[in-house]
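*Asks:* Below is a structure I'd like to ask you about.
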Amino acid sequence: MRDTLTGTDEAAAVGARARDRTDGASITFLGPLLAVLALATLFPLCYAIYLSLFNWNWGSRFSFVGLANYFTVLTSSEYWASLARTGVFTVLAVGSELVLGLVLALAVERAGRNIPWLRTIFIAPLMVSGIVVSMIWKAMLDPTLGVVPWLAARIGIDGVNLLGDSNLALPALAMIDAWWQTGFVFVILQAGLQALPAEPFEAAALDGANYLQRFRYLTLPMITPLLLVVAGIRSIDCLKVFALAFGTTNGGPGQATEFTQMLAYRTAFRAHEMSMGMTMMVVFALLIGAAVVIVLGVRGLRGSRA
């Protein structure tokens, strides 16, 4: 018995030493990469925070102002309006993409999994850059030469000018983003649907559950964590919207589509108030970070209660 225990202890010690060597090798190989990533991420952020504490207007001397720029930004109605527009765009775009992506994934899964050409069609827009997408849709929505107003006129709807209407421009940009990024949501959700176990669905079908019942009580609860992950990824991407609006409306008409990043760009590079533009983006990053921490905290609290 003692010999058996000794052999077990020796095996455990050998395993621990092997794990230590593996961990050491991982740190050795990943260390330089992590250092580069940290430098590439932290240096711009730290430099932006540094500039936000000064008054610098392209060519003027640095003058330390402390937190005065932050007070100006946080009391600016224009800045909060841009945040509201960014939030509305994110909700419209991400909501549309989740619904469309889920519907497409369910349709393809129900029709049969081996339809590669359909997947290619859905993900093709992802291969195009944001500025190119904006140019394509700006041409298609042009009130004089665009194909969309022409088609609308054929069915009796004249004078369609989505990008020129202050009430429709923001929803139009959300629609364009949904056309562009729904393929990403579709690919992720289809992979998630294919990974679901078949046994619960077969048992539910034998019990007489129809397709909608199986979706409501089995499919949706099983893929909800994946939906939340995709929603988080897409929300972060939509909050950074710039190229799409810059190439289509340039923030107009008026300020209807001037999102936070566009306001910071205009402040820094057109009004030549670099420090104020940096302050806007630092506040924006802090607000997003706080929102992420709150969401993760709520999820962790719910998980601990469950």
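Here the Cβ of each residue, glycine as well, is placed from N, Cα and C on the backbone.
Here's the feature list from TrEMBL:
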DOMAIN    83-297  domain 'ABC transmembrane type-1'
TRANSMEM  29-50  transmembrane segment
TRANSMEM  87-108  transmembrane segment
TRANSMEM  120-140  transmembrane segment
TRANSMEM  178-196  transmembrane segment
TRANSMEM  217-236  transmembrane segment
TRANSMEM  276-298  transmembrane segment
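Locate each feature and note its surroundings.
*Replies:* Residues of the same chain lying 6 or more positions beyond the ends of the transmembrane segment (120-140) and with a Cβ under 8 Å from any Cβ of it are 104, 146-148, 163, 176, 179-184, 186-187, 242-248.
If you look at the transmembrane segment (178-196), the same-chain residues 6 or more away from its ends with a CB under 8 A from one of its CBs are 93, 96-98, 100-102, 104-106, 108-109, 113, 119, 122-126, 128, 130, 133, 137, 218-219, 222-223, 226-227, 230, 234, 237, 244.
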*Asks:* Considering only Cβ pairs under 8 Å, which range in 87-108, 217-236, 276-298 makes the most contacts with the transmembrane segment (29-50)?
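*Replies:* Ranked by Cβ pairs under 8 Å, first place goes to 276-298.
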